[in-house]
Amino acid sequence: MSITATGSPPGGLPKVSARRRAADLTVRVLVCAAFVLAVIPLASVLWMVLTRGLARLDLTFLTYSMNGLSSGDEGGGANHAIVGTLQQVGLSTAMAVPLGVLTGIYLVEYGDGKRLARVITFFVDVMTGIPSIVAGLFVMAFWLVALGFEYSGFAGSLALAILMLPTVVRATEEMLKLVPGDLREASYALGVPRWRTVCFVVLPTALTGIVTGVMLAVARVMGETAPLLLLIFVTDAINANPFAGPQGSLPTFIWYQAGDPNPQAIERAWAAALTLILLIMLLNLGARLLARLRKPVSR
Amino acid sequence: MTSEADIGRAADIAAGSRAVRRPMSTGRRGDQIFALTSRASGIALLAVMAAIAVFLIWKAIPALQANTANFLTEQEWNPNADPPVFGIAQLAYGTVMTSFLALLMATPVAFGIALFISFYAPRRLAAALGYLVDLLAAVPSIVYGLWGLHYFSTKMDDVGRFLNTYFGWIPLFGGDSVGGRSLLTASVILAIMILPIISSLTREVFLQVPTAHVEAALALGATRWEVIKMAVLPFGRSGMISAAMLGLGRALGETIAVAMVLSTAGGISIHILKDGGNTIAANIANSFAEAGETARGALIASGLVLFVITLIVNMTARAIVARHREFA
């Protein structure tokens, strides 16, 4: 919505008094200042990550692990962390998306007005507010302590899946609600059973939007550190099996390298931060492009 | 970390209409199976939530029983000692203090940004500027932590000294051992992190302001600020309050950036410029590595307290929105 600028109205009406004009101008200045104030930290963070990260981000960094190196050594890389992050995020997506999308389908297509649907909606809200460290503590209490499994990438991805789930449910819900009821009715009129209508008419219509939502959710959990610290433990070597043994990940890699007093380690932390931000921006940009490319059908 | 879900929720308030409903299943087998599967997923989600509550409580109880101090009032956190002594008083103080300060700093700026993008920025630029602010939310907290630890805290060191020298008579800025890794630095970083959440939720609220109200105000000859004061703010008040509270919920649970920036030191202190301080979430991340059996239970118990605090804040925010919706 836009408000057209107010000058002196035509037709000889009295002009806006100086006091009112001064108040208007003050607010305008304050509001612009607020925006500038917000851009400063963004520019600073991105600039620091870019300049400090580029110093060390090279092929060695991407293809070597830290195996056998001590933190004061030159060289070394984050390959083990990149492998770990991709696997953990992939696994959590594989768990959260089917569950989340089906729950979204239930809420929109089947649950209207039912008590179960209201309860689920309420708890999706609760789940959105779970601090990531609490999700990590839960998986630790459940998977590591109660069931006795060892630290692994999979344990980390369980926590990430919990954090993704409410976002996926919400995105699916929003997008399915945008699908016109006429489409469903046209399908029913042709005698198509309900489940085929949902799977082959409703879902494809909403697909782009759902994929966008999922990509944004993935980008969000990719930077999660706290639960991984509790669940995947730490290793310097490449572990390509997420189901057994400690694994690396980019966020925990940054955490350990940044906490190290050696300047070589801190350089690696910046380079890993740049890698992580690039991955996340790529997903974000992809999601936005996809959303623009094929807007969901509006009512 | 933009909260897509929260934003989505605001959108769903806007789009009230939906498709025509019909019975759950036509009785065909495919229909029955599909309806059951989707219903089962919903129930599985509820089961996960129940499991979170059950396991956290179950694993926290033995540690709480072994505790020799009052869990709620004790300031020391020493669950590895024999006998174990731990309490969350200091941690809870740090959590509430940093989040509250962050909210204090972020809210006016966030509202300003929302007003700027919704009403002041050139129409063509508005979407791009909104995206720029959302970018702040896409930066992961570990990167804020790295930036905070190796760059921002050195800058805040000087700011802290300045405030201490000239405003030291205010108790908040008093005390000695002023440094950059203080509660104030942590609060500023939290404020930066919740800024995009509050401002994008507020923008959603502004979008719902009836155009007729705005046009009526304009027709009366109101200036732009008067339009905002008369038509926009009264309409958006409850939505803005709940946006701020959802931001507060995010700040309370934030772990990593705070854990990296604060140099942990014990004791409750009103002097926010001092190096040190701790929060519930940061304490979990920092002391997990050397935690034994009891200590893990103690950390789980503190996590439970954190969960309850954030839950209350988030639910209050949603209740404000829901009440507003009824009367709108």
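Cβ atoms are placed via backbone N, Cα and C, with glycine included.
All TrEMBL annotations are machine predictions without curation.
Look at TrEMBL and you will find B:92-317 tagged as domain 'ABC transmembrane type-1'.
The transmembrane segment annotation in TrEMBL covers B:33-58 (among others).
The transmembrane segment annotation in TrEMBL covers B:100-121 (among others).
Sequence annotations record features per position, and here TrEMBL assigns transmembrane segment to B:128-147 (among others).
Under the heading transmembrane segment, TrEMBL lists B:178-198 (among others).
Listed by sequence, the residues of this chain that lie at least six past the ends of the transmembrane segment (B:251-273) yet keep a Cβ under 8 A from its Cβ atoms are 75-77, 89-90, 93-99, 101-103, 141-142, 144-146, 148-149, 152-153, 160, 163-164, 171-175, 178-179, 181-187, 189-191, 193-194, 279, 281-286, 306, 309-310, 313. The transmembrane segment feature in TrEMBL is assigned to B:251-273 (among others).
As annotated by TrEMBL, transmembrane segment applies to B:298-321 (among others).
Proximity of distant same-chain residues to the transmembrane segment (B:298-321), defined by a Cβ-Cβ separation under 8 Å and at least 6 residues beyond the stretch ends, is recorded for 9, 13, 56-57, 59-60, 63-64, 67, 71, 77, 79, 84, 86, 88, 91-92, 95-96, 238-239, 241-243, 245-246, 248-249, 252-253, 280-281, 283-284, 287-288, 291. Counting residues 6+ beyond its ends, the transmembrane segment (B:100-121) has Cβ neighbours under 8 Å at 129-130, 133, 183-184, 187-188, 190-196, 198-200, 202-203, 206-207, 224, 227-228, 232, 240, 243-244, 247-248, 251, 272 in the same chain. The list of residues near the transmembrane segment (B:128-147) in space but at least 6 beyond its ends in sequence, with Cβ under 8 angstroms from a Cβ of it, reads 1-2, 113, 116-117, 121, 189, 192-193, 195-197, 199-200, 203, 254-261.
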